[in-house]
Amino acid sequence: MPSPRSNATYLIGLFQKYNLSVKDLVALSGSHSIGQGRCFSIMFRLYNQSGSGRPDPAIEPSYRKELYKLCPENVDQNITGNLDATPEFFDNQYFKDLVSGRGFLNSDQTLFTSAETRPFVTHFSVDQQGFFDAFVEGMIKMGDLQSGQPGEIRRNCRVANPSSMNKLMEY
């Protein structure tokens with residue numbers, strides 16, 4: 001799992017190690033169309049981007065104010081916020097949010113600020129079916145990856161499912 005602090009260059013390299021394209025990277029990142037992320041994952045973006053002591057300039061100003069309310073400096077960093085404006089629907093809103101500077105995670109917003117990934121973000125923001133088709137292609141490729149370990153769809157992205165942990169201990 002890539003860090004929420006990852007930039008596009010790192011993500012592209014990571015995906016290429018698994019023979020996944022830039023298009024696959026952007027489409028599969030669209031899985032963030034559903035769900036929430038923890039304040040822990042964005043504190044550096046809000047308060048110390050790149051060690052500057054300042055917020056990430058890519059965050060749209062009114063969205064930054066929303067994030068400051070959700071995640072003040074002294075907050076319980078397990079508090080969660082929506083990854084996009086329609087967190088209960090799998091749609092292309094995630095990409096629309098990135099285009100408007102409203103990406104929750106640095107690893108998401110960097111997909112729009114990077115010249116190499118931006119064309120795919122822009123395209124998926126206006127072509128939901130194109131996103132769906134690319135997502136299916138990327139998921140099929142990911143399904144073909146071999147790690148030597150059993151795979152799973154996690155209920156909580158940060159933690160292996162309990163039944164999977166038991167299976168791993170049997171090895």
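Placed from the backbone N, Cα and C atoms, the Cβ positions cover glycine too.
According to TrEMBL:
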- P2: substrate binding site (BINDING)
- H32: heme b binding site (BINDING)
- D84, T86, D91: Ca(2+) binding site (BINDING)
- C39-C71: disulfide bond (DISULFID)
- 1-161: domain 'Plant heme peroxidase family profile' (DOMAIN)
Candidate recorded positions H32, C39, C71, pick with smallest Cα gap to D91 (Ca(2+) binding site): H32
Check: same-chain CB within 8 A of Ca(2+) site center, minus D84, T86, D91: S33, I34, A85, P87, F89, F90, N92, Q93, Y94, K96, D97
For the domain 'Plant heme peroxidase family profile' (1-161), mean pLDDT (0 to 100): 92
Cα-to-Cα gap, the residue listed as 'substrate binding site' vs H32 (heme b binding site), nearest whole Å: 13
Rounded distance in angstrom between the Cα atoms of C39 (disulfide bond) and D84 (Ca(2+) binding site): 14
Position of peak Cβ density within 10 Å, selected from the disulfide-bonded residues C39, C71: C71
Among C71, D84, T86, which are recorded as recorded positions, the nearest neighbour of the residue listed as 'heme b binding site' by Cα: D84
Rounded distance in angstrom between the Cα atoms of C71 (disulfide bond) and T86 (Ca(2+) binding site): 20
